[in-house]
């Protein structure tokens, strides 16, 4: 029986531990071996065992969720194929980085002047390149986790609710708006190409299709290309063609403008276009907004990096940095001469719609018809190629809805239906709202945080540097400055639209 005092003490200790029903037998689960009264058993060991089992279950759930996420990624067009390299990344970045938005860069100089225009252009170019490098560094973590979509990285950095609130609207707005504006630009350029071919043949000009019909021709060609491109990695040849076309027509435009010489009576004084200080301030804001939106494609950096293979010895950022340096070297060689050379040739006589309109306005009669037609054709082809890249996140999101519900990859006919339906919707928007091209500065202002602000704050949130470190101070300063510029750009764009665009021709540009 034993000593009654010992039995009493044992009974008291057993009752004092609320996690266990008795001191003699403490089952943890069906597989646990009971501990008898004579064994050296510690309740702390039992608690540690329970915690270890809970941690093991959590790890198993996390691994299962990670496997499901990887399986879904393998079915979606952005991450379906990861066989890219530095060259394919460079082609993708160059094809999206060059576009018709840069045509208006010389017009920004009419508001800022020589020194102001060059300084602002250089600062924004360097800032965007730095933001791209931040996104590249955040794409892949040390444990191999990859974030191949902007919204995923925003959720990791800012939390699920705040990340979705900050990123979803600008991403959808930018992707959809860019696609629609590409349709409008491509359709209008097709019409200009047709008129350049006809030139003075009135019978040929009378047979020209309407603007809506040219939009339809463009979107049919664009969707036809998309039907034969199942994923982002398969668009390498499209990006290669788009890069060649972009570099070609940029070079032709600025070299042609310089070769023709400066116009008679050209002026470089920004104050010649305004009469009051308020108008001068408004024009400066407009010039900054034009340069800020002159660069594009930064929102696709993570998606493009998602097409690259990765392993512990060769992470994706190494090849991606090479692609970024190569592509943006060409972007700089195209856009800086275009802006500076265009302003030198036309000065304050530069049309608001940019250098291509200036060439047609001042030099079309003295320029061979074949050269003008070639410029228009190159622009159309480049628009077709860049459309494929900008529309890919839209297709990816639409396919994700199907994959999440059916738990299987989209069949070919489903993908085709998605692309045809979106093509029809985009065409309807382009026809219904052809003036969206006039809202480019406003659209660019809303989406500007994706390029300048969020990368800085996301780097701080994820990397968690010391508050007194250089990188923390630099990214905090750039993030706050970008927020201020965004507010100023949106306000300036709205102001400019109210003052200059709300007339009888606003809805018929």
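Glycine is no exception: its Cβ is also placed from the backbone N, Cα and C atoms.
TrEMBL does not curate its annotations; it predicts them automatically.
Per TrEMBL, domain 'Amino acid transporter transmembrane' is recorded for 83-492.
Feature annotation from TrEMBL assigns transmembrane segment to 86-108 (among others). Residues 117, 120-121, 185, 232-233, 235-236, 238-240, 242-243, 246-247, 250, 253, 286-288, 290-291, 293-297, 300-301, 304-305, 307-308, 319-320, 322-324, 326-328, 330-331, 334-335, 338-339, 341-343, 346, 350-358, 379, 382-383, 385-386, 389-390, 440, 444 of the same chain lie 6 or more positions beyond the ends of the transmembrane segment (86-108) yet place their CB under 8 Å from a CB of it.
Nonlocal intrachain contacts for the transmembrane segment (114-138), taken as residues 6+ away from its ends with a CB within less than 8 angstroms of a stretch CB, comprise 105, 108, 147, 153, 157, 268, 270, 284, 287-288, 291-292, 294-295, 298, 301-302, 305, 317, 320-321, 324, 328, 332, 335-336, 339-340, 343, 451-452, 455-456, 458-459, 462, 475, 478, 482. Feature annotation from TrEMBL assigns transmembrane segment to 114-138 (among others).
If you look at the transmembrane segment (175-194), the same-chain residues 6 or more away from its ends with a CB under 8 A from one of its CBs are 100, 208-209, 211, 214-219, 222, 296, 299, 360, 373, 376-377, 379-380, 383-384, 386-387, 390-391, 393-394, 426-427, 429-430, 433-434, 436-437, 440, 443, 447. Per TrEMBL, transmembrane segment is recorded for 175-194 (among others).
Beyond the ends of the transmembrane segment (214-231), by six or more residues, the same chain brings 77-78, 80-81, 183-184, 186-188, 190-191, 194, 238, 380, 383-384, 387-388, 391, 395, 412, 415-416, 419-420, 423, 426-427, 430-431 to within a C-beta distance below 8 angstroms of the stretch. The transmembrane segment annotation in TrEMBL covers 214-231 (among others).
If you look up TrEMBL, you'll see 237-256 (among others) marked as transmembrane segment.
Within the chain, the transmembrane segment (323-346) has long-range Cβ neighbours (under 8 A, six or more residues past its boundaries) at 86-94, 97-98, 102-103, 105-106, 108-110, 114, 117-118, 121, 125, 129, 132-133, 136, 243, 246-247, 250-251, 253-255, 257-258, 260-263, 266, 268, 294-295, 301, 304, 355, 358, 362. Sequence annotations record features per position, and here TrEMBL assigns transmembrane segment to 323-346 (among others).
Positions annotated as transmembrane segment by TrEMBL: 375-395 (among others). Long-range contacts of the transmembrane segment (375-395) within its own chain (CB-CB distance under 8 A, at least 6 residues past either end) are made by residues 77-78, 92, 95-96, 98-100, 149, 171, 175-176, 178-179, 182-183, 185-186, 189-190, 192-193, 196, 218, 221-222, 225-226, 229, 232, 235, 238-239, 241-242, 245-246, 248-249, 252-253, 297, 300, 303, 356, 359, 415, 418-419, 422, 426.
Per TrEMBL, the feature transmembrane segment maps to 416-436 (among others). Remote same-chain partners of the transmembrane segment (416-436), defined as residues 6 or more beyond its termini with a Cβ less than 8 Å from a stretch Cβ, comprise 176-177, 179-181, 183-184, 187, 211-212, 215-216, 219-220, 222-223, 226-227, 391, 394-395, 398-399, 402, 410, 443, 506-509.
Look at TrEMBL and you will find 442-462 (among others) tagged as transmembrane segment.
If you look up TrEMBL, you'll see 474-498 (among others) marked as transmembrane segment.
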